[in-house]
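Participant: Taken from Swiss-Prot, the feature ATP binding site applies to G31, L32, S33, G34, A35, G36, K37, S38, supported by sequence analysis. Residues annotated as active site, phosphoserine intermediate in Swiss-Prot, with sequence analysis given as evidence: S105.
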Amino acid sequence: MSNIVWHAHAVDKQSRAEQKGQKPLVIWFTGLSGAGKSTLAGALEQALAASGKHTYLLDGDNVRHGLCGDLGFDDAARQENIRRVGEVAKLMVDAGLIVLTAFISPFRAERELVRNLVGEGEFVEVFVDAPLSVCEERDPKGLYKKARAGEIRNFTGIDSAYEAPEQPEIHLLNAGKPVAALVDELLTALRLRVLID
């Protein structure tokens with residue numbers, strides 16, 4: 001690696017952000033399967049796009065079709081999954097985008113790794129907090145049922161740990177609130193932190 005040099009470009013992150021008229025950042029949704037991460041990230045992206053923001057949504061299921069298609073679900077593979085996504089998110093922030101991510105991302109250390117990759121003030125952790133019982137009841141993909149039947153191993157919340165964020169920038173309780181109300185909470189919190197206008 002000592003022969004590989006990072007090339008600085010004349011058009012930098014600040015130039016790209018000014019061109020887009022926004023502050024680039026990563027909005028990192030974390031929580032159990034079925035907590036509502038993808039739904040909320042998608043709804044927030046729609047609201048941001050409607051207000052003229054330049055966004056991109058990285059979804060946990062989608063990256064497993066390509067970028068992370070070679071990875072399994074043991075702890076080491078989950079860590080590598082988040083590392084790769086963090087590197088992609090960093091590049092997208094450098095491009096001046098508001099990047100939304102929807103990943104279980106069960107381990108604090110990996111979420112911290114991404115926070116440090118992206119940089120100070122450009123990472124917003126959103127804990128979508130839904131009780132396990134609510135997530136199991138929703139079970140949109142039937143995964144909890146399979147995990148309880150022993151058909152899926154290393155399933156977060158069942159036989160693999162989820163380390164809840166200790167100090168997320170935004171903590172959303174999602175046990176039945178309408179999506180629109182939660183998106184309003186998100187937008188308000190982002191505006192209060194002067195991350196969006």
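Note that Cβ sites are derived from N, Cα and C of the backbone, with glycine treated the same way.
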Participant: Sequence gap of 6 or more, Cβ distance under 8 Å: name the residues on the same chain that satisfy this around G31 (ATP binding site), in order along the sequence.
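Facilitator: Residues satisfying the criterion: K37, I104, F127, V128, D129, A130, Y162, N174.
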Participant: Going by DSSP, is A35 (ATP binding site) sitting in a helix, a strand, or coil?
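Facilitator: SS state of A35 (ATP binding site) = coil.
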Participant: When you average the Cβ positions of G31, L32, S33, G34, A35, G36, K37, S38 for the ATP site, which other residues in that chain have a Cβ within 8 Å of that mean position?
Facilitator: A102, I104, V128, A130, C135, N174
Participant: Cβ distance under 8 Å to S33 (ATP binding site), same chain, sequence separation 6 or more: which residues?
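Facilitator: Listed in sequence order, they are I104, C135, K141, L143, Y144, F155, T156, G157.
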Participant: Are there any residues in the same chain, six or more apart in sequence, whose C-beta is under 8 angstroms from the C-beta of S105 (active site, phosphoserine intermediate), and if so which?
Facilitator: W28, T30, I82, R111, V114
